[in-house]
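Annotation source Swiss-Prot lists ATP binding site at Gly630, Pro631, Asn632, Met633, Ala634, Gly635, Lys636, Ser637, citing sequence analysis.
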Amino acid sequence: MTTVTPMMAQYLEIKEAYADALLFYRMGDFYEMFFDDAVAAAEALDIALTKRGKHEGEDIPMCGVPVHAAEGYLLTLIRKGFRVAVCEQMESPAEAKKRGSKSVVRRDVVRLVTPGTLTEDALLEARRHNFLVAYAEVRSGAALAWADISTGDFHVMPVTRPRLSPELARLAPSELLVVDEPVFQQLRPLADDHRIPLTPLGKASFDSMAAEKRLCELYKVGSLEGFGTFARAELSAMGALIDYLDITQKGKLPLLQPPVQEAEDRVMQIDAATRRNLELTRSLSGERGGSLLSVIDRTVTPGGARLLEQRLGSPSRNLDVIHARLSALDFCIDHSTLAADLRAALRKTPDLDRALSRLALDRGGPRDLAAIRNGLGQAEAIAALCDGLELPGLIAGACADLNGFDELLGLLDTALVAEPPLLARDGGFIAPGYDSDLDEARELRDKGRGVIAGMQQKYAEHTGIASLKIKHNNVLGYFIETTATHAAKMLNPPLSETYIHRQTTANQVRFTTVELSELETRILNAGNHALEIEKRLYSSLSGAVLEQAARLNIAARGLAELDLATALADLARAENWCRPSVDPSRAFAIEGGRHPVVEHALRRQGGDPFVANDCDLSADKGAAIRLLTGPNMAGKSTYLRQNALITLLAQIGSYVPADSAHIGVVSQLFSRVGASDDLARGRSTFMVEMVETAAILNQADDHALVILDEIGRGTATYDGLSIAWATLEHLHATNRCRALFATHYHELTALAATLDGVENLTVAVKEWEGEVIFLHEVRKGAADRSYGVQVAQLAGLPPSVVARARVVLDQLEKSEREGGKQKALIDDLPLFSAAPPLPPPAPKTSPADAMLKEIHPDELTPRQALEMLYKLKEAAR
């Protein structure tokens, strides 16, 4: 059996403790991986797989990544579902030798990298939160706790098992913590649905008594009463989250703000299907482009962008909150010059939250200190812009949070250079004049370098070799270098008595002298001394910043609020949006409403302007349901979605794309539009539709807004009609909510005559010579046909198929009018015989074309030409 080397024995011991993670084992300038880790990482990273030695008679697979580029490789591995344990050298090889000639460099895991515990800019999306979530059940209660360790946000709320899916859809976390069996297995399908990595923890992590102690230690308090009254399940979820952070960060806990308790009735409830169907933050293809967020996001700071996405996912139901946000927008619109100045200052503001988090976890550097300095400088300028003005509450509060950092800003301004390096070990980030000991060490170091230049000139004259150079590398230090031709006389007396041979390369020979070695020692000592002073000063400055971390987090929140208010005001002004009226009623009256994403796309493509439409779903009591009929491609789905989006925008405190909008607060937003299957879970398109419809009928209350599109279309005609009919009746009688119901089942329109609160709407079209023109106007009334054949023709079906479809449709409609049996008709139709190809249809000519052919321009007077133009316009209608 092959003897295991001391280094490999150390590796195997560490790996055993982190069996479920890839081990990044530090060896000099590389992180090396061995055995199965190497095989998996090489495939995931597309890097070379090599071997190093043998273990139990087999070659040991090995691969590695350079330390300086490790972040990029880490990101790839995390995105592919791996967890990575980072094992660093805790001492230098020289220090290890002091313990014995055969001692292995001491190593230890300093961090476990998982999807929910990322902090580096390179591993995160600057404009999105990265939430770690813990779910706990204690007796009959359950709770959800979530934190973003890169910003310090920390929240908790009670949640029932049925409400877990909508909340996960709202938060879109990167990792979900649950207790091991049986909850882990029970929630695995849900986590898979949301594509969230699921991490099991032992029961001890979820112990609520231990959790309370953990939280008190974290916040250095004797009791949590100052933060609120927490249920046992809430304590359990928070405690598990803190315990996991302690495990992954190896005892270096992040700066978490005091936990904010949230209530279910605080925000509009939106389930996962509705978020997906409305494309709030991601399009159906999973991209940011094409989503509502991509169209309305005009924020200029990462913090403002994160706040916007958070608001979009959690529209408020609190009228005071909504009105405060709208008042802030009113102010920014009325004071457009001030708002523009604020946005200009905000553009220069770094990400304070994430800089603070890295400093707290000891992963920061001088640039994070500079980010705090620059951010505080901009905060001071922003507060000065608003000084002396009568401000609305939200903006006044945000500006007040930016003051009181004069001492810290002065310290950082004095201590740091303008553009510091990324890492403290690089040195050169402390400004001259800040520390006298540092200035002295630097002067000695720099003077020594000047002496080197003079020494090179002296040696060139002494040897008579004009091309002689003094150079430096990390192996030899300073050395004298000359060509092999010139080196001959330096290798022989008398010069050999002064110049000591060090190394010969292919083209060069290198020497040193006693004088040069002594000078190098002085320079090296001075340089090392200067770097040690800088590192000490870095620790001191970091400590000064972290002492004010809580206030800095509040200031960062204030900057984000200002960014979001000015961004939404800029959007409203540029897009001609209106201020919505939001109250506790069940009103829903929108005039000239538009779909923000579709309107944006039409404008970008240079197409026709968006056709605005009204929507009135107001109801004092009982249901208010609008039954929408009309052909495909007419804009029914767009109309449904735009009214849902207008509601959502109003309740995040934004202006809305309409001429006017009066909206009674919506408690729940449900959307059943579009068609998709779920092959992984064995669900057909129709089954998915029914599951989503069931959720709506079982959950919607009388303040909900429901939009339903084509219920029942995925099955046989009478089955589908029956389901749609019963669904509409249930919405009317039981849910008693506000709803838009689009359908091709024209039989449903008869319900408007029998059910109070149900009215018919239709999307107008115009027929001309067998073709259909979509007007995209929603009017009162019901459609009597769907124009499916015309839409098929527009889609490019072969002319023979379109013609055959017209024949079949005409005969089916005739049979229905005459009361004939459908089967007899079908038997008469040669449906399974191929129709012969039809000749291409003759091009249609309009009356205007005929008139144009009869015109002789040279024979017309100007007056006759003008009259003819009016006639042509009339004929073209």
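Cβ from N, Cα, C; glycine included.
On the structure: features taken from Swiss-Prot.
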residue: Met633; record: ATP binding site; contacts (Cβ under 8 Å, 6+ apart): Phe774, Val791, Leu794
residue: Ala634; record: ATP binding site; contacts (Cβ under 8 Å, 6+ apart): Val763, Ala764, Val765, Phe774, His776
residue: Gly635; record: ATP binding site; contacts (Cβ under 8 Å, 6+ apart): Val611, Val763, Phe774, His776, Val778
residue: Lys636; record: ATP binding site; contacts (Cβ under 8 Å, 6+ apart): Leu628, Gly630, Asp709, Ala742, Val763
Residues near the ATP site, Gly630, Pro631, Asn632, Met633, Ala634, Gly635, Lys636, Ser637 excluded, by Cβ within 8 Å of the Cβ center?
Val763, Phe774
Among Gly630, Pro631, which are binding-site residues, the residue with the most C-beta atoms within 10 angstroms of its C-beta
Gly630
Helix, strand or coil for Gly635 (ATP binding site)? Use DSSP.
coil
Neighbouring C-beta atoms (10 Å sphere around the C-beta of Ser637 (ATP binding site))
19
Around the C-beta of Asn632 (ATP binding site), how many further C-beta atoms are within 10 angstroms, looking at every protein chain?
18
By the DSSP assignment reduced to helix, strand and coil, which category contains Gly630 (ATP binding site)?
coil
